[in-house]
Amino acid sequence: AVALWCRLSPHAVPGDPAGCSVCCLSPWPRLQELCRLQRLRCRALGVTRRNLGDFEVELLCDYRRVRDEEFYLVKWRGYPSSANTWEPRRNLRCRGLLQQLHADLARAPGGPVRPGPRGLPARAVSYLAQKAEQRRALRRWERHLNRTRSHRGRIAVENEVDLHGPPRDFVYVNEYKVGAGVALTPVAAGCECRDCLAEATLAGGCCPGASRNRFAYNEAGQVRIRAGLPIYECNSRCRCGAECPNRVVQRGIRYDLCIFRTGDGRGWGVRTLQRIRKNSFVMEYVGEIITSEEAERRGQVYDRQGATYLFDLDYVEDVYTVDAAHYGNISHFVNHSCDPNLQVYNVFIENLDQRLPRIALFATRPIRAGEELTFDYNMHVDPVDAESTRMDSNFGLVGGSLGGSPRARGRIECKCGAASCRKYLF
Ligand SMILES: [Zn+2]
Ligand SMILES: [Zn+2]
Ligand SMILES: [Zn+2]
Ligand SMILES: [Zn+2]
């Protein structure tokens with residue numbers, strides 16, 4: 001809130017706050033309210049003759065029809081519910097709130113609601129109050145997520161489907177949280193390139209070359225190596241700067257994304273609010289890194305809850321698992337699809353221990369703004385691919401699984417809706 005000193009008095013000259021004499025320390029909207037109550041115009045506060053009689057609608061709580069005229073019960077911002085008033089439609093300019101009210105009534109449990117001359121049925125009024133409370137809770141959570149994120153891409157939250165509020169027991173983290181019994185070994189060496197992309201083609205060039213791997217990106221930061229091959233990015237020991245084309249995943253999420261409630265029983269999902277080009281980095285799968293024994297133990301508990309947030313890091317051997325059930329980023333909310341638009345890659349940056357890759361999700365195709373993001377929870381690579389991958393990278397993939405996958409457990413039915421759906425998740 002903007003706080004400022006403003007003096008008001010009955011002798012004030014309209015439009016000239018400097019001439020007033022009553023003191024108060026108040027946020028900007030409160031001062032505007034005071035002006036309106038005192039019928040004072042003030043250019044500095046933006047209260048003019050035209051909007052002097054305007055008050056802000058916080059909520060529409062009830063609705064009625066008398067003959068052909070519509071009335072709404074208005075909760076005014078800054079005033080208690082006891083000050084609510086019935087207003088005819090023509091007095092209201094809050095188009096968004098009006099649309100929202102009618103959409104809510106159309107979706108209210110028990111079918112669309114019709115208003116009478118005295119208002120809505122009590123059940124519908126209580127439903128509107130619950131929707132309002134839920135929206136407040138979701139806005140609070142959205143603000144919290146955006147304060148917590150360290151990446152450029154913003155996070156929106158939306159539930160126009162049911163009364164579910166923010167998830168309990170979920171902590172937003174921007175990177176791996178290292179659990180008990182897990183140690184990360186910081187990288188000891190970096191590259192000396194003058195231009196990492198140009199030197200990438202030389203034998204042993206840049207960071208990927210040092211471990212006999214291919215440079216993963218083109219000049220636009222799009223991944224150009226096949227899924228299954230590892231990505232080695234430049235690190236804190238490299239001579240290059242933050243703008244190096246070999247620093248993509250480490251720059252974090254750049255797209256604005258929306259956590260939304262799906263309308264077909266798949267819980268929360270994530271959609272992009274911006275167009276995403278093919279092969280672009282979208283997000284990392286982060287969570288708590290735990291040992292596979294610990295994952296086994298937690299898996300038993302999660303199984304009973306029917307959730308799948310355990311992602312085995314089985315790039316070389318199955319020693320560690322990422323658990324995103326309680327600590328995670330936006331990837332926690334990304335749904336499975338048998339025909340996904342995101343693909344998993346193993347990434348090494350500050351930690352070169354091959355048992356502890358970072359998991360990055362890249363777009364497999366161009367993705368339109370508004371499209372839901374999905375990845376395949378149970379990815380497999382065909383044997384021919386696995387064989388050539390092994391030759392290219394000098395690393396063996398274990399069990400034919402590509403870059404790890406959330407732990408396979410009891411049979412879970414798939415609701416992805418893709419034409420090529422396998423019908424069961426695991
Ligand atoms: Zn380099
Ligand atoms: Zn480097
Ligand atoms: Zn570099
Ligand atoms: Zn499916």
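A Cβ is built for glycine as well, from the same backbone N, Cα and C atoms used for every other residue.
According to TrEMBL, the residue from Tyr217, Tyr232, Tyr377 that belongs to the S-adenosyl-L-methionine site alongside Arg266, Gly267, Trp268, Asn335, His336, Lys415 is Tyr377.
Among the candidates Cys258, Cys338, the residue that TrEMBL annotates alongside Cys414, Cys416, Cys421 as binding Zn(2+) 4 is Cys338. Compute the center of the Cβ atoms of Cys338, Cys414, Cys416, Cys421, which mark the site for Zn(2+) 4; besides them, the chain residues with Cβ within 8 Å of that center are His336, Ser337, Asp339, Lys415, Gly417, Ala418, Ser420, Arg422, Lys423, Leu425. Highlighted here are the binding-site residues (Cys234, Arg266, Asn335, Tyr377, Cys414) whose C-beta falls below 6 Å from ligand 4: Cys414, in sequence order. Listed in sequence order, the binding-site residues from Cys207, Cys234, Cys238, Gly267, Trp268, His336 having a Cα within 10 Å of the Cα of Cys414 (Zn(2+) 4 binding site) are His336. Candidate binding-site residues: Cys191, Gly267, His336, Tyr377, Cys416. Those with a Cβ under 6 Å from ligand 1, in sequence order, are Cys191. In the three-state DSSP scheme, Cys207 (Zn(2+) 2 binding site) is classed as helix.
In sequence order, Gly190, Cys193, Cys196, Cys206, Glu233, Asn235, Arg237, Arg239, Cys240, Cys244, Asn246 are the residues of the same chain, not among Cys191, Cys207, Cys234, Cys238, whose CB sits within 8 A of the CB centroid for the Zn(2+) 2 site. Counting residues of the domain 'Post-SET' (410-426) by DSSP class, helix then strand then coil, yields 0 helix, 2 strand, 15 coil.
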